[in-house]
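J.: OK, TrEMBL features for this one:
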type     : residues           : note
SIGNAL   : 1-20               : signal peptide
DOMAIN   : 58-182             : domain 'DOMON'
DOMAIN   : 189-389            : domain 'Cytochrome b561'
BINDING  : 227, 264, 297, 333 : heme b binding site
TRANSMEM : 229-249            : transmembrane segment
TRANSMEM : 269-286            : transmembrane segment
TRANSMEM : 298-315            : transmembrane segment
TRANSMEM : 335-352            : transmembrane segment
TRANSMEM : 364-386            : transmembrane segment
Ligand code: HEM
Ligand code: HEM
Ligand code: HEM
């Protein structure tokens, strides 16, 4: 049984890693529509080393070139574009951060699109913005900005600008740059953006000379997949299967004693092991992403781990069948077990929601698992009641006596 468990863990870990590895992508060049923009053509006319690539989030595409203008200054020209939804209103921001690739401290250029008007301004994003203060234009940044413009082309909304960056604060071989989109603005004050992962991963450290980048979200994306797969298999599939076996195969309608116990025990131990590894990876990911937290997912996740750990204590502290405390233990073990069966899918759906907008496959995969489990439960429940009613009718007509084959008779026997 132990070697079977180890083999299964090994196969599942390989499966998770291979799915994660299949997500590795090379950097994408820009689309033809983007390259047809007048601003891009102008950039390439002036500097023939202009580079362009698709950024990792928000469907953004980014073109840039640079020129050394003096001993301690570099002029960089950038063009960033994405498709806003809805197309007629919203904002697009791009900025550089002298300290870290993060929102607070970013000096940004933000283009706001209103139904009849487009405006572009510079902004200094301080920590007050994160705390809820309005983001207002800051005409003076710690570098000069020229030729700011914004416009639409082939569904793209794009911002163009030239920045004169002091080399001391901004190293063009590792430039922290950040981009973002939002859905609404009050005049020149953009409102808060969405809080999905795409909006939080929209930052990287870019080498303007080679185009290579250290994408903060990239290695994390693979760990997130492993986290999701292990949690869905461990907590979301194996634990419910273990409960189904305890419920329907212990005494009634099927009596598979003591097989049901070994199966329940193995399923829960395997599910707990895989789920705990996934949970640990979740905590690691949460720890790494210091600038944001998914509070509810984290809280429910910690409760799931805590409660399953309590359930696993059955392994050591389960009273013997004849013990007077056994019936209290049964109530507690049943109650916590079924509470977990509610909490786990809630948290799995919360985790899947965090991955928005790339979460459709996850959602359908887990929907499929849930529907399958629900169908098995429904079939077994119908069979249980049919067998119970038949037995009752048979007994009544034969002896006139009455007994319900349910939890009462179940707990008399078995482990
Ligand atoms: C019952 C199952 C699950 C548990 C117990 C769980 C637990 C956790 C925990 C404790 C964190 C750390 C949160 C933080 O500190 O901010 C986390 C993060 C996360 N989880 Fe889950 N999780 C579960 C299922 C899922 C699923 C199914 C997915 C997606 C398919 C998912 C996606 C994520 C993502 C994307 C993060 C954030 C990673 C980051 O900050 O970069 N989780 N999870
Ligand atoms: C319009 C006003 C804005 C507000 C009110 C706002 C608010 C926030 C908040 C509250 C978070 C953290 C969420 C959490 O901790 O759970 C956040 C994260 C983030 N925001 Fe904004 N934001 C604004 C504009 C911007 C702009 C213009 C950019 C890009 C230039 C941006 C880029 C980011 C990034 C990359 C993150 C992820 C965390 C980090 O790396 O710092 N935000 N934002
Ligand atoms: C996360 C881990 C676990 C969960 C979620 C869980 C859940 C459950 C649930 C919901 C039931 C009731 C099924 C029913 O009759 O309707 C049950 C029964 C049972 N479980 Fe677990 N279980 C876990 C781990 C364990 C472990 C590790 C052991 C033993 C070492 C164990 C031993 C039992 C026994 C003996 C019963 C039958 C109780 C009775 O009715 O006499 N469980 N479990």
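Just so it is clear, glycine is given a Cβ too, placed from its N, Cα and C backbone atoms.
Burial and contacts for the listed features, if you can.
T.: In the predicted structure, the domain 'DOMON' (58-182) carries a mean pLDDT of 94.
Within 10 Å of the C-beta atom of residue 227 (heme b binding site) sit 24 other C-beta atoms, taking all shown protein chains into account.
Long-range contacts of the transmembrane segment (269-286) within the same chain: residues 5, 8-9, 12, 220, 223-224, 226-231, 233-235, 237-239, 241-242, 293-294, 298, 301, 304-305, 308-309, 312, 315, 351, each at least 6 residues beyond the stretch ends and with a Cβ under 8 Å from a Cβ of the stretch.
When Cβ-Cβ distances below 8 Å are used as the criterion, the transmembrane segment (298-315) is approached by residues 235, 239, 265, 268-269, 272, 275-276, 279, 282, 286, 329, 333, 336-337, 339-340, 343-344, 346-347, 350 of the same chain, each at least six residues removed from its ends.
Sequence-distant contacts of the transmembrane segment (335-352) (same chain, six or more residues past either end, CB-CB distance under 8 Å): 227-228, 231-232, 235-236, 239-240, 243, 282, 294, 296-297, 300-301, 303-304, 307-308, 310-311, 359, 362-363, 366, 370.
Long-range contacts of the transmembrane segment (364-386) within its own chain (CB-CB distance under 8 A, at least 6 residues past either end) are made by residues 232, 236-237, 240-241, 244, 247-248, 252-253, 345, 348-349, 352.
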J.: Counting other Cβ atoms within 10 Å of each residue's Cβ, which of the binding-site residues 264, 297, 333 comes out lowest?
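T.: Selected from the binding-site residues 264, 297, 333 on minimum Cβ neighbours within 10 Å: 333.
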